[in-house]
Amino acid sequence: MIFPISEIPDKVTHSILEGVSALQNMSHTAFWSTVLGFLVVARIAVILATPKRRVLDIKGKKVVISGGSQGAGAALAELCYTKGANVVIVSRTVSKLEAQVQKIVTKHEPVFEGQTIRYISADLTKEEEAIRVFSEETMPAPPDVIFSCAGAAETGFILDFKASQLARAFSTNYLSALFFVHAGTTRMAKEPISPKNPRYVAIFSSVLAFYPLLGYGQYCASKAAVRSLIDSLRVEALPFNIRVVGVFPGNFQSEGFEEENKSKPEITRQIEGPSQAISAEECAKIVFAQMEKGGQMITTDLIGWILQSIALSSSPRSFSLLQIPLAIFMCIFSPVWNAFVNRDVRKYFHANTEYVTRHQRGGVGSENPTPQ
């Protein structure tokens, strides 16, 4: 209900008018200092009011990992097993799954009697396969933690790929995550547990979801879709006591990383600069350590955290008192950086005319036509 201003008590009216007058007389510097001070105090109040996060304890819990036969998924499987989890790894290739399970059980003793690690072979780009993984027949008890790690990057220029290759990239990176997480979260929601023990769904996207890079066009688009999935599911899962975590790794050593480097355009290497890839094991340790601290938007290096500040959106912040001012700075700096990148790209294609000439003639690339 809205009251006419004449009905507001005189003292209140006088106070409001005084406040407006004070704002009008305040200098721009003083005004923005006041606003910034208010925001800082408000953020500190939110931090103090936030309940203390519980440590993620997976001993005796069921952890299901897609892409668990190699790369970060395999490293997470080994790490979780050493922490006492009952691990299930999921991938398509049975031979790789068997080798990974054998490697882990040979290398590590069980943390407790009866601890298990097993595999399920499934093509997660198919909805029915993802549903089978989490069915009661395949998995009698629901998972406590899910890691969605499956994915692959195929480098090159978008115009050089056939439509079938573009669709394959989206299927490999987005649909596999969507179907796997949808089936797993649905199973979790069906069988709720105590609010004191939240379940976890950690979904791997990429730092390139924040800042697309020439030569990774189709990969960036699919990983940006995964980032939107993370933000959407994070809110939808709240009523079921499921904590959704987004993981945005930079480069890490894996079979996939070696493959993507084989077709990476030279201009992409120039823009990237010297980027040291961490090991898959180090990536897994960083991700798990951040989850233990309650992190919901996890990056694996400083560059990733900086790039995240360009695309904060409605996602949870990481070290927000530092990240918000950084975001303001990056809004100013990014156009300058883009100007230098665009200059380098024009110089590259001026010197390498085959790509432009081919497409001006209406040619569509072969399986890997991108100039090196």
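Even glycines carry a Cβ here, placed using N, Cα and C.
Over in Swiss-Prot, the protein carries these features:
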- VAL64, ASP123, TYR219, LYS223, SER254: NADP(+) binding site (BINDING)
- 67-71: motif 'GXSXG' (MOTIF)
- GLY67, SER69, GLY71, ARG92, LYS96, ASP123, LEU124: NADPH binding site (BINDING)
- SER205: active site, proton donor (ACT_SITE)
- TYR219: active site, proton acceptor (ACT_SITE)
- LYS223: active site, lowers pKa of active site Tyr (ACT_SITE)
- 321-341: transmembrane segment (TRANSMEM)
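Where Swiss-Prot records a feature, it is marked here on the structure.
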residue : record                    : Cβ neighbours (10 Å)
VAL64   : NADP(+) binding site      : 28
GLY67   : NADPH binding site        : 28
SER69   : NADPH binding site        : 27
GLY71   : NADPH binding site        : 24
ARG92   : NADPH binding site        : 16
LYS96   : NADPH binding site        : 18
ASP123  : NADP(+) binding site      : 15
LEU124  : NADPH binding site        : 25
SER205  : active site, proton donor : 27
TYR219  : NADP(+) binding site      : 25
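Using a 10 Å Cβ-Cβ cutoff, LYS223 (NADP(+) binding site) registers 25 neighbours. The motif 'GXSXG' (67-71) scores a mean pLDDT of 94 in the predicted structure.
Around SER254 (NADP(+) binding site), taking its Cβ as the centre, 21 other Cβ atoms fall within 10 Å, counting all chains. Within the motif 'GXSXG' (67-71), the DSSP-based counts of helix, strand and coil residues read 1 helix, 0 strand, 4 coil.
For the recorded positions SER69, LYS96, SER205, a Cα to Cα distance of within 10 angstroms from ASP123 (NADP(+) binding site) holds for none. The DSSP secondary structure for ASP123 (NADP(+) binding site) is coil.
In terms of C-alpha distance, the listed binding-site residues GLY71, LYS96, LEU124 place LEU124 closest to VAL64 (NADP(+) binding site). The maximum pairwise C-alpha distance among GLY67, SER69, GLY71, ARG92, LYS96, ASP123, LEU124, the residues recorded as binding NADPH, is 17 Å. Of the candidate recorded positions, SER205, TYR219, LYS223, SER254, the one lying closest to GLY71 (NADPH binding site) when CA atoms are compared is SER254. DSSP classifies LYS223 (NADP(+) binding site) as helix under the three-state reduction.
Under the three-state DSSP scheme, VAL64 (NADP(+) binding site) falls in the strand class.
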